[in-house]
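Data block below; observations after.
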């Protein structure tokens, strides 16, 4: 699906660097690049050192011009890259000249969207580019690269092929209903349904791990004032992110910190201590604490080990969120660090038992840092679950002896759900939502 318009943007980001890149894609790319470089023609895939000229033949910059003849380019279209110095003034001046010669400003993610529409990559791979750029850990980057290289897509393709074979047997029964041939039995359709179901369940388990890695886990530190929540945040992050004092109520607002444990990104939120108070500012902090708890993937309920009373906020019992109890300040009570069930004893101040807490967090969210993980998103999980639901209905219909037409329809719907993952079936709304999250120039 070649676009008639030519787009351009700075592809090297908005920070100053040694090298800056202006990317152009569309039918006028070659003409624009040749005009700026004052070349009659650009040789495909050849880096030419040249000067870049404005409309008055004044040199704006110098660098490399590279022409990619479509469809052998990232977008599948005619593409040109102008690689000059990485100053933003220079790059914006160069970009302004490109616009003056007929290019339009690229929307967020439009280069990658064109690559998808032109069949250069599928939707999973397009999303993986964004995930790779946004990676916060080596494990995230590896998972994104696995998706970009096609590992996730290959698994969905295998499942899609299996569903096609199933449909062949089932629909043959419909087409040749008057013949004395039992395609359902001959094709082992029920056994094949079980096998595909198992493959999807295995892929769903891997995708769940991939989603944990892609999205990270939101961990909320909550508890009474002065229990050591901020000290635990600092211990987990390895730096003094939060102010730590002996004054109860020091933290009056939520404080967020990004931490990576065993490759798993954690979005840790330190919150105001929960207690009765007449202080208006502290009341607002407590309100925000409770809102954060409602959105958490995991709550660390922090206790001061000197206080032997176990008080929990009434909100905890109403939340469908795993809770890990942390008894802090064991250095003041003389107790040993350790873990019993969902209770961990440690000293954040002395950094004793903090590794136990790190391991417990990873275990409680069931993250398994194994080789071959790929990045995944909520929409992928939904599609896999919907596909499983349709196959379950198909099996029930088949074993109950219902119309084969209904069985065929459920298998078709299961295949459609798998197709949604890679974008074989996609809506404009879905594409808009995905690509709008990209950077300009990608």
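Cβ coordinates are placed from backbone N, Cα and C, and glycine is handled just like the others.
Database features (TrEMBL):
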type	residues	note
BINDING	23, 81, 120, 442	(6S)-5-formyl-5,6,7,8-tetrahydrofolate binding site
DOMAIN	216-366	domain 'TrmE-type G'
BINDING	226-231, 245-251, 270-273	GTP binding site
BINDING	226, 245, 247, 250	K(+) binding site
BINDING	230, 251	Mg(2+) binding site
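This prediction places the mean pLDDT of the domain 'TrmE-type G' (216-366) at 81.
In terms of local Cβ density within 10 Å, 229 ranks first among the binding-site residues 120, 229. Cα of residue 81 ((6S)-5-formyl-5,6,7,8-tetrahydrofolate binding site) to Cα of residue 230 (Mg(2+) binding site): a span of 48 Å. Counted within 10 Å of its Cβ, the other Cβ atoms near residue 272 (GTP binding site) come to 27, all protein chains included.
Ranking the binding-site residues 23, 120, 230 by the distance of their Cα atoms from the Cα of residue 272 (GTP binding site) places 230 first.
Taking all protein chains in view, 24 other C-beta atoms sit within 10 angstroms of the C-beta of residue 23 ((6S)-5-formyl-5,6,7,8-tetrahydrofolate binding site). Distance from the CA of residue 120 ((6S)-5-formyl-5,6,7,8-tetrahydrofolate binding site) to the CA of residue 230 (Mg(2+) binding site) is 48 Å. Residue 229 (GTP binding site) falls within a helix when secondary structure is assigned with DSSP. Each residue contributes its Cα atom, and for residue 23 ((6S)-5-formyl-5,6,7,8-tetrahydrofolate binding site) and residue 229 (GTP binding site) these two points are 47 Å apart.
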